[in-house]
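Q: Sharing a structure, written as structure tokens. Questions coming.
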Number of protein chains: 2
Amino acid sequence: MNFLSRPDQYKRALDISKRVVDIKRKLGLLDTLGTDIYRALYCEIPIVLHDLVFGGCLRSLASDEQLAQWLPNVVNYRWLGSYAQTELGHGSNVQGLETTIHYIVCTFIKETDEFEINSPTLTSSKYWVGALGKLCTHAIVFGQLMLADPKTGKVRSYGPHPVLVQVRSLEDHMPLKGIVVGDIGPKFGYNTIDNGFMQMDHIRVPRTNLLSRFFSVTRDGVYVPPPHPRLVYAGMVGVRVHLIEESFTALARATTIATRYSVIRRQFTDGPNGSLVERKVMDYGNQQNRIIPGIAASYAFLFMGRRLGIAFYSMMDVIKRNGDTSSMAELHALSSGLKSTVSYITARGIEDARYACGGHGYSEASGLPRLYSSYTHIITAEGENNILPQQTARILLKIYKDAVLNNTAVPAGPTTKYIVQELACPHTTLAQYMAEHGGNLVSIPNLVKLYRHRAFSQVANMARLLQEDPDVPMMERWRQLNVEAQRLSDAHCQLYILESFVTSLASAPADSLAALTRLCQVYALTHIDRSLADFLEDSYLDRSDIEVVRKGLRSLFAQLRPDLVGLVDSFNIADHTLASAIGRYDGQVYEAMLQYSLKQPFNSKPVVDGYEEFIRPLLKSSL
Amino acid sequence: MNFLSRPDQYKRALDISKRVVDIKRKLGLLDTLGTDIYRALYCEIPIVLHDLVFGGCLRSLASDEQLAQWLPNVVNYRWLGSYAQTELGHGSNVQGLETTIHYIVCTFIKETDEFEINSPTLTSSKYWVGALGKLCTHAIVFGQLMLADPKTGKVRSYGPHPVLVQVRSLEDHMPLKGIVVGDIGPKFGYNTIDNGFMQMDHIRVPRTNLLSRFFSVTRDGVYVPPPHPRLVYAGMVGVRVHLIEESFTALARATTIATRYSVIRRQFTDGPNGSLVERKVMDYGNQQNRIIPGIAASYAFLFMGRRLGIAFYSMMDVIKRNGDTSSMAELHALSSGLKSTVSYITARGIEDARYACGGHGYSEASGLPRLYSSYTHIITAEGENNILPQQTARILLKIYKDAVLNNTAVPAGPTTKYIVQELACPHTTLAQYMAEHGGNLVSIPNLVKLYRHRAFSQVANMARLLQEDPDVPMMERWRQLNVEAQRLSDAHCQLYILESFVTSLASAPADSLAALTRLCQVYALTHIDRSLADFLEDSYLDRSDIEVVRKGLRSLFAQLRPDLVGLVDSFNIADHTLASAIGRYDGQVYEAMLQYSLKQPFNSKPVVDGYEEFIRPLLKSSL
Ligand SMILES: Cc1cc2nc3c(=O)[nH]c(=O)nc-3n(C[C@H](O)[C@H](O)[C@H](O)COP(=O)(O)OP(=O)(O)OC[C@H]3O[C@@H](n4cnc5c(N)ncnc54)[C@H](O)[C@@H]3O)c2cc1C
Ligand SMILES: Cc1cc2nc3c(=O)[nH]c(=O)nc-3n(C[C@H](O)[C@H](O)[C@H](O)COP(=O)(O)OP(=O)(O)OC[C@H]3O[C@@H](n4cnc5c(N)ncnc54)[C@H](O)[C@@H]3O)c2cc1C
């Protein structure tokens, strides 16, 4: 794959896509998402977007009738779909407001009972849409729903809404009339996916193509709103849950490669009086510091992802059953913030793993560059990482304000009730808490307490900061403080992650409990170390604890050292999935590297193309 | 370039290489390094390694006679060279010690007055060598110098030494007999450079090919050692100085793109009661936080790089003139640590800039992915970032130990004398210092004082940590503590960077002094914020200062907001150098993005290659 041109890489991805479907069909798995199969592949394939994003969004947003009609086409791949929300000029601001004239419009035409979809401007071209560029036959297109106001008769926007649109012919795959569509071009990574652009010139679709489980437009053109406005984007929440699983996958791969290589790679002896054999690089403290936090985070995200998945699917069940959206705000806060927290940590963890492999980590042969460049789109896509946490912060601040400032009793949910509880906590330092409850700074219950207190104090702090400068308009204060909003969202999400890890320890097999407990402590201490100021700011930790945290990490690293290979082997990632010359299970690193170099097509001739034209004239020019 | 296969990219780079030489020749610049020309190019070209690394190393290490003979071939490009140090199995441990059997060997053959160079094992294949894969005719090969011990007659290693070796024919560019050479394969970035591998089968070169300005082997095979053992690697220090300039270049490009795009890109209005026009994303606090520290660091590295360059070249002059190596340790400490500190900050700054451009930052059309993936090799190459700072730490600890613990008078150099001075400082908190000297936490002199104190306290702290656990062997303690060694090296280097920035303010033009002063404060405060614990640990700052630091940053960001475009425009980077659809000087971002997508070759056919083979069977399979 590393030696192919982009079009050939894409063709290979189509080949793999077809095989995956064949396998799913053979195994009778057509109506499942097939995430396990995708996870076993070396690269991303466009059909993933059909299954997870297009299919997932339909399942969330299409009505039962629509599903009865459409789903057979989806699960049998008679249609191939994409999710077309972003536009060239607009991504994050999906709500888009009526004020923007850029957003694609979707106008109801009463006479024919149709919507007319149109991109009036350059910037309203759809852009970045995965699997749109070359593959899909259908797309869920978000457009500003334009309806005549029942009272005034004036046409106005009801905000972006999802409509099913056919993009290409089912006969010859040509784009339908009025549609200009193509691939946007090479990207940092993710190049086996055809992110696409699309311009639509007055395309018509039946009114019933509006995805209408939660909202709809009547035959008369009257809008029937959803029980909760956010339900328009419910498809995205599901995808976010999936991205967290993806994060586990990517980080587990990267740490597997780095760990295996680090017990093969040797550099330096202990000097004249030490051993003559060089040390495995895994023995160095900074190497452990590059790798072990990544292993810990992989496990953390695995456990947390499961918990979040369960919470999400049961929430969707409840909403579909009885329209009860009471847990939406809490879960929205969580999934938004987590997507940001988790993807930043994962991206860093992959890069740390890559750096840990020295020069060879920079070669595509290691598999690590591609892991990073493909993964890192997750920081931007599906809600930009600096924007999502603001939503988390807003929801938490509201709970804090209701509970604490306004003293209104709030039915705080399971993941936010700590805000109310911590307020009642009598201890102002961890030392006081430990005096009562025992343990030391690295004991799990105290770590959880620390995280809980920090999350609480960050909300309180942000609430206070927002009160300052009452002369400055609130929106401006918010803009200035949105770095702080991220801090607060992170603190909230880290508590959820840590609690999920701790809960999972209860069901860990006896023989791995000790190692997993240490990893859990590493996770907690690493992220204390990375945000020490949060913990010191209100003296909940003492400055002398800084050294305790770092000593704790060093000693956990040393204790975990013998278990590291076992811990990554448990991820059970096949060699063909890793596709890494240096992460091989058998450790034949150097043979594999050299073979890779020798065999690449670029070396097929002894003298390079361009010699006659450019090198020879150079060497001879001054003779 | 983004649409080409790797071999075609490389060919393009050869084309550019030849043009650069033609231009240099025309302008009479053949005997200069031509760094300014390289800086104006969009991509890396292999000839850079000839000029900077091969040429630079010869100038440092070859004797006057050798230079008289060789240099004309080098500056006229009759030879093309590379620097071949790293091997498949060994990179960082260049000293390599006699204990390793892996390193390539270079044995003196008295009979013929030659060295015989041989790679006996798989892992002793040279690997990663830039411009070796396809371009070079010559290489400076590091091999273990094997000489018969004058006393015992037993052949032993004198450690790796550099020898000039011809690799390819000057007639037809074929590899010479006994040499297997090729490109190592695709990499994360830097793909227009042919990093290569090479195996050598008993190659002979004259004894006089040993680079012998500082060391040599006599006709009798007796080793004449250098005045300082590090001089063997003097070539690398020069390259490190160059890498710091490169860091400025890369970060300045990235922040130029992000800044320009952020004043074009708009997202969100202030809500129902606010303006109807969406805000420029540059107005958001977290956007400023992603970009302004990068602009500040660009300026910091520019100023610091100049100061370091002067120090390096005047040191080399002195050594060449009178063999006085007294300033080597200090400059070695500095350049090693700086390479690590600067490259980590630069890599982060480029990624922050890329993230700041949202989705479009992920497209190769933005120019940002390539900037990051090519730049980031600097974290690994020329001394791995986690290893170099250990050398810095060792040197500083020795000074501390001599001065403080052993109370021996040391002639501390200009960049390390603070260690002795701080010890005598009567103030134990910044508050005390300010009470005497005035100003507040964000005043420049107080920031410098803070940095100086922090650097001192990190050395002291590390010295203390190393004394603990006297039962554990020193080497093991060192391995466990090498994360702390990095912290100490960083603290030292950050002081140097900040002082360089402050010194340069004195000669800043009046109309830019205010903005540059603010940038200098941003630089200082950003890196306090990122390592707050260092400053809080010994109470030199108070926990209440955390908020002061962050408020200071917010207010500086707001003050700098109107100057940002001007500050990046001053970098004066041409559009063809940026090669970014979204960083264009004229701001025609969306037109350029869409044109790029429309015109890429992958879109030349309306139906994708692979449709008949893979997509059609899929769509039709269940009919
Ligand atoms: C690989 C990839 C795949 C994708 N796949 C799809 C797909 O299948 N379908 C689809 O519809 N879209 C897709 N997208 C688009 C993606 O969803 C958007 O790029 C993403 O939502 C970010 O939006 P943006 O690009 O408009 O960034 P912008 O919002 O323009 O961000 C630019 C900068 O402004 C900042 N900013 C913006 N608003 C604020 C604010 N209010 N407060 C603070 N800071 C702010 C951001 O933090 C960022 O730093 C994909 C993108 C990528 C990279
Ligand atoms: C793009 C690129 C261009 C290059 N160009 C050239 C060139 O032109 N010529 C040339 O000769 N070489 C070149 N190199 C090779 C480069 O110099 C080496 O890769 C680099 O020095 C790192 O060495 P390594 O790969 O052996 O890493 P390793 O030392 O094997 O590092 C692996 C890991 O072990 C850790 N580690 C190793 N030893 C210690 C220790 N003592 N303490 C703590 N941690 C330790 C490292 O921190 C790292 O995390 C290039 C490399 C790259 C990526």
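Placed from the backbone N, Cα and C atoms, the Cβ positions cover glycine too.
Here's the feature list from TrEMBL:
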type	residues	note
DOMAIN	B:1-78	domain 'Acyl-coenzyme A oxidase N-terminal'
BINDING	B:T86, B:G130	FAD binding site
DOMAIN	B:233-397	domain 'Acyl-CoA oxidase C-alpha1'
ACT_SITE	B:E382	active site, proton acceptor
DOMAIN	B:445-620	domain 'Acyl-CoA oxidase C-terminal'
Q: If one measures from the C-alpha of the residue listed as 'active site, proton acceptor' to the C-alpha of B:G130 (FAD binding site), what distance in angstrom results, rounded to a whole number?
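A: So the Cα of B:G130 (FAD binding site) lies 12 Å away from that of the residue listed as 'active site, proton acceptor'.
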Q: On the DSSP side of things, how many residues of the domain 'Acyl-coenzyme A oxidase N-terminal' (B:1-78) fall into helix, strand and coil, could you say?
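A: Residue counts for the domain 'Acyl-coenzyme A oxidase N-terminal' (B:1-78) by secondary structure: 53 helix, 0 strand, 25 coil.
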Q: Taking all residues of the domain 'Acyl-CoA oxidase C-terminal' (B:445-620) together, what is their mean pLDDT?
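A: The answer is 96, the mean pLDDT of the model over that range.
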Q: Around B:G130 (FAD binding site), how many other CB atoms lie within 10 A of its CB?
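A: Summing over all protein chains shown, B:G130 (FAD binding site) has 26 other Cβ atoms within 10 Å.
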Q: Let's check the environment of B:E382 (active site, proton acceptor): how many other CB atoms sit within 10 Å of its CB?
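A: Step by step: centre on the Cβ of B:E382 (active site, proton acceptor), count other Cβ atoms within 10 Å, giving 21.
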Q: For a quick check of packing: other C-beta atoms within 10 Å of the C-beta of B:T86 (FAD binding site), how many?
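A: That number is 21.
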